[in-house]
Amino acid sequence: MEYFDLLKSFNGIELNDQQIKAASFDKGNALVLSTAGSGKTTVTTVRAGRLLYENKCGSKILTITFSKMAAKDMYNRFHTFFGDSHKNKTDFLTIHAFSYKIVRDFFKRKGVNFELLTNNYQALNEILKSYYSNSYYNYISDEEVENLSSAISFINNMMIDPPEYKDYGIEIKGFDKIYEAYKLYKSQKQLIDFDDMLLYAYKILSNSSNRRENIKRLYEYVQIDEMQDTSRIQHEIIKLITDNNLFMVGDDDQAIYSFRGSYPDFMLDFKNVYKDGEVFYLDNNYRSDRNIVEGAKKFIEKNKKRYKKEISTDNKKENEINIIKVNSRSEQAKYITRELAKIKEETVGILFRYNISAMILANNLYENNINFYIKEDKSKFFSSPVLYDVLSFLNLALNPKDRGAFSRIYYKSYTYFTKGMCKIVTDSPRDDLTVFDILDNYKYFDYYVYDKIRQFKTDINYINKLKPNDAVRFIKLELEYINYLERMQDEGRNNLSNSLHILEILEEIGSYCSNIKEFTEKIENLQSVIKKASENISANVTLTTIHSAKGLEYDRVFIIDNIDGEFPSDRKNTTNENYEKLLEEERRIFYVGMTRAKKILNITVPEKPSLFINELIDNK
């Protein structure tokens with residue numbers, strides 16, 4: 001009995017002609033272009049099984065994929081299909097796990113001890129604090145540390161010389177010096193991080209033909225899943241371990257990780273690099289309603305730098321793509337909450353470009369007793385410097401003796417109070433006095449400083465008379481906190497758009513509260529709600545970024561916050577060439593969001609419609 005007939009008879013796996021053609025490929029280099037929902041993982045695992053069933057492989061098959069979850073999924077599928085008969089002949093690994101083995105064995109032979117740095121945030125925080133120690137704004141936020149970590153990873157994965165960082169859109173001042181300080185920190189403590197695994201593995205393989213040949217003998221066949229997500233250095237490692245026998249599977253239309261250094265251009269250059277290579281297509285989407293497939297196809301075809309594909313489906317046209325215009329994010333949350341109340345059994349994915357979009361909606365769902373799962377813990381919102389600043393302004397209004405609150409915000413309003421003035425407050429032995437009285441009693445300021453102190457006292461006291469949402473707006477505009485945020489953006493230490501979004505969320509949450517005390521308690525309660533929701537995996541409703549939804553599917557999808565300047569994100573300061581490149585990636589992100597939907601796709605627009613909404617309307 002033929003292999004594919006056996007699969008059908010014993011495993012219930014029936015492949016279409018395109019899938020059989022790809023899974024039948026033996027030796028040489030091949031690229032399988034697989035559209036969303038086309039069964040690429042099945043093809044990859046089935047091909048490995050066929051090579052072993054037909055005794056085509058004398059050694060082992062290595063399948064490299066993007067994430068631990070994907071590697072585990074492929075391993076489980078393979079052993080479900082084929083049992084344990086070939087378990088010693090296959091390895092399903094992430095590129096980092098594969099590289100770690102090489103590095104560990106090399107250092108062991110050299111007698112070098114090292115520890116794995118699984119989270120570099122603490123190290124980077126220390127380095128940044130030292131770097132900004134003389135700066136007026138020396139508080140280091142989680143967002144800054146995260147941005148720095150991402151930038152370092154990007155530089156390493158793209159194999160870029162750190163001094164050239166400005167050419168790649170990295171706006172962190174002194175990045176090359178911070179990068180070198182981080183390298184020194186790791187060296188002194190004998191640490192390696194995840195990027196170092198790749199860098200060391202590449203150097204070890206480049207410098208040792210014996211190691212390269214040993215790996216080639218161990219793995220006769222190498223398969224790469226999610227090819228579009230691999231970075232430049234990962235490609236270089238893969239090239240070193242293959243002997244013109246590489247099977248790559250991916251979709252250039254779903255390449256959405258450039259911020260991590262992914263480099264889908266290798267897919268587009270496939271025929272130039274591997275002149276004898278074969279290209280296969282998996283065009284049939286088994287997942288989505290035909291209207292969704294056709295709408296997504298027209299949308300992604302706006303991108304110029306891509307493989308042309310005949311994306312199709314055998315599914316029926318049952319539901320139109322719905323574009324819903326509302327007046328605000330608050331109205332958007334209320335609309336979705338009403339819709340969810342009608343849904344009983346379906347799985348629902350609420351997708352967004354940025355994590356922060358979850359907050360207003362999560363608050364609404366909680367207020368209306370709707371059970372939900374939040375795919376990533378949104379604790380970063382609750383450690384946001386903007387949130388801490390607003391709470392400090394409010395706490396100072398509630399308690400004018402709160403020196404901690406004053407120390408945090410003394411230079412973040414129109415006052416431009418100095419560090420020296422802050423020290424006068426914190427060093428004062430008079431616990432019975434407010435911070436304003438301490439400053440007012442000091443005898444050595446210029447006359448105009450006292451006017452500022454008294455005006456600031458009046459404004460802070462006025463906050464107590466306002467509703468919380470009005471108080472947030474007052475802090476932003478009247479106390480000129482927004483000017484501070486703009487200055488921080490100019491220094492490359494703040495994303496103004498994100499900060500304004502956080503203020504908008506705080507205004508929305510404040511609209512549910514009658515006073516400041518209730519508002520601060522509400523924030524604490526919401527943090528607890530979000531934490532519980534991040535553990536609520538069994539809920540039918542999932543809130544997640546599009547990046548984290550990749551590879552998943554839902555009966556019904558809402559893509560939210562499709563606002564001009566936000567999705568696609570605003571790139572005013574980029575060159576035309578870079579803008580087109582970034583825009584195409586943003587379009588791919590939106591396409592990934594669209595193709596998560598099986599039955600119904602709802603796209604909500606709470607403010608001025610984005611470019612993508614106009615494109616979708618034009619395609620109708």
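Keep in mind that glycine also has a Cβ here, set from the backbone N, Cα and C atoms.
For 13-289, the entry in TrEMBL reads domain 'UvrD-like helicase ATP-binding'.
There are 19 other Cβ atoms within 10 Å of the Cβ belonging to THR41 (ATP binding site). Annotation comment: TrEMBL describes SER34, THR35, ALA36, GLY37, SER38, GLY39, LYS40, THR41 as ATP binding site.
Here the domain 'UvrD-like helicase C-terminal' (290-551) has a mean pLDDT of 93 out of 100. Taken from TrEMBL, the feature domain 'UvrD-like helicase C-terminal' applies to 290-551.
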Pick from SER34, THR35, SER38: which of these binding-site residues has the biggest number of other Cβ atoms within 10 Å of its Cβ?
SER34
Out of ALA36, LYS40, which of these binding-site residues shows the lowest number of other CB atoms within 10 Å of its CB?
LYS40
SER34, THR35, ALA36, GLY37, SER38, GLY39, LYS40, THR41 excluded, remaining Cβ within 8 Å of their centroid (ATP):
ASP251, LEU282, ASN285, TYR286
Does DSSP put SER38 (ATP binding site) in a helix, in a strand, or in coil?
coil
